[in-house]
Amino acid sequence: MKACNLIAAFTILALASTFVTAYDPSPLQDFCVAIDDANSAVLVNGKLCKNPSLANADDFSYSGLDVPGNTSNQLGGHVNIITADLMPGLNTLGISLARIDLAPNGGLNPPHYHPRGSEVLLVLEGTLYAGFVTSNPDHRLFTKILKPGDLFVFPFGLIHFQLNIGKTPAVAIAALTSQNPGVNTVANAIFGASWPIYPEVLTTAFHLEKQFVEDLQAQEWVNPT
């Protein structure tokens with residue numbers, strides 16, 4: 001009887017292992033259209049790997065995150081994200097880092113979400129009002145006033161933001177759980193889409209007048225980068 005139980009246990013473990021290895025990795029791009037023509041294909045979920053014998057310390061380091069970003073824009077914000085494009089050693093490790101600079105008195109990293117990663121934020125300078133909103137149907141808002149040394153986490157795929165409510169520049173470091181987390185700024189995606197979304201869609205969705213929607217769509221939508 002014990003032998004039968006042991007065999008059953010091994011069988012379950014083997015099946016579980018099969019299911020795990022058959023699971024697709026999380027995507028590192030917005031979409032991947034299938035194609036049979038290798039000449040028209042592109043590499044996805046990472047980059048080609050350098051021969052390990054040719055790797056050096058420079059592949060695993062990056063200099064420049066101490067340089068303040070230019071916040072003289074419409075939002076008063078700048079995000080410098082370090083991915084495998086700038087730091088090759090990050091490739092396949094599932095992590096990335098960003099420096100966020102926000103101008104005094106209202107510099108904003110606007111509502112956005114990362115389709116491929118969670119984020120933890122560390123405030124280095126200034127005072128931030130930060131938060132995120134949960135998904136349907138609750139849409140609960142979680143916010144916190146953050147000061148230097150404070151941490152705040154933004155769960156995977158949820159809309160979040162940071163606002164500088166202080167009178168001095170604010171600086172924060174964000175760590176993300178993907179080498180290419182992606183970012184989708186909500187207002188830009190809705191009102192700055194190319195081509196524009198039919199106004200009728202947005203007037204109904206946002207309870208707005210058509211002229212107001214068209215005025216918003218005519219504006220220039222700036223990303224904090």
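Glycine is no exception: its Cβ is also placed from the backbone N, Cα and C atoms.
Note that the structure is predicted; figures quoted are calculated from it, not measured.
Listed in TrEMBL:
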- 1-22: signal peptide (SIGNAL)
- CYS32-CYS49: disulfide bond (DISULFID)
- 63-203: domain 'Cupin type-1' (DOMAIN)
- ASN109, HIS114, GLU119: oxalate binding site (BINDING)
- HIS112, HIS114, GLU119, HIS160: Mn(2+) binding site (BINDING)
Between HIS160 (Mn(2+) binding site) and CYS49 (disulfide bond), the C-alpha gap once rounded to whole angstrom: 34
Secondary structure tally of the domain 'Cupin type-1' (63-203) (DSSP, helix then strand then coil): 14 helix, 57 strand, 70 coil
Pairwise CA distance, ASN109 (oxalate binding site) versus CYS49 (disulfide bond), rounded so that it is a whole Å: 34
PLDDT averaged over every residue in the domain 'Cupin type-1' (63-203): 95
Euclidean distance between Cα atoms of GLU119 (oxalate binding site) and CYS49 (disulfide bond), Å: 26
Alpha-carbon distance [GLU119 (oxalate binding site); HIS112 (Mn(2+) binding site)] in Å: 12
For CYS49 (disulfide bond), the number of other Cβ atoms found within 10 Å of its own Cβ: 10
